[in-house]
């Protein structure tokens with residue numbers, strides 16, 4: 001953790017208590033119990049909120065850095081706003097400061113019995129490490145729901161870009177997508193297939209014992225939502241296209257593994 005980055009975030013958010021949740025290559029994520037409009041009389045009750053902060057990059061020219069930070073923050077907020085409008089499970093945007101690379105959003109999730117945040121990955125790990133039945137109906141149902149959620153995302157030609165089990169949180173027994181820093185829009189089956197393959201590989205590497213079952217249930221959920229009436233024949237056509245591309249992407253992945 002780089003202290004000066006946290007200090008910079010605090011300068012951008014004076015008088016706001018910040019607790020670091022995670023740090024990635026592009027951003028820091030904080031927890032706070034203060035609403036950005038806390039001075040409003042109707043918002044005096046404190047809640048839980050998440051703040052994502054994109055720090056400046058010292059290796060970039062200041063003007064270029066400022067432009068990139070603003071552009072990426074605006075892009076992520078717009079993407080999340082569209083998800084909210086489409087009722088695709090994702091955090092609700094509360095506020096944003098584009099110039100400083102700050103996104104303020106609702107807090108999603110809960111603490112598992114071991115204290116870990118309720119990401120899809122942590123939830124599966126908790127079950128596995130505590131000798132729970134990882135092939136139970138409840139696990140199958142959750143994997144199925146995750147697959148449906150991703151399918152709905154893709155049917156609206158939206159690509160996550162970093163689809164791992166860490167970027168899916170569980171909230172009231174429903175999966176919620178988070179972290180859209182690499183998200184994009186695309187109607188290409190190839191891009192949807194890569195999204196699926198990234199998650200498939202993440203599941204295989206972090207949950208190897210039950211990966212076959214998890215991935216099978218995920219794909220069943222993904223297929224199911226494509227067959228819903230609201231998407232008509234176009235949904236089924238897109239499903240055929242993406243499954244064919246997924247086989248191609250898997251083959252390329254295996255070849256890369258063989259070649260090292």
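Every residue number used here counts from 1 along the chain in the order it is shown.
Even glycines carry a Cβ here, placed using N, Cα and C.
Swiss-Prot lists 21, 22, 23, 24, 25, 26, 27, 28, 29 as ATP-binding residues, and of the candidates 48, 52, 57, 63 the one it assigns to that same site is 52.
Other C-beta atoms found within 10 angstroms of the C-beta of residue 29 (ATP binding site) number 18, with every protein chain shown included. Of all residue pairs in 21, 22, 23, 24, 25, 26, 27, 28, 29, 52, the annotated binders of ATP, the farthest apart have Cα atoms separated by 14 Å. It is 25, among the recorded positions 21, 23, 25, 27, 162, whose Cβ has the fewest other Cβ atoms within 10 Å in the structure shown. Neighbours of the ATP site: apart from 21, 22, 23, 24, 25, 26, 27, 28, 29, 52, residues of the same chain with C-beta atoms within 8 angstroms of the site's C-beta centroid are 53.
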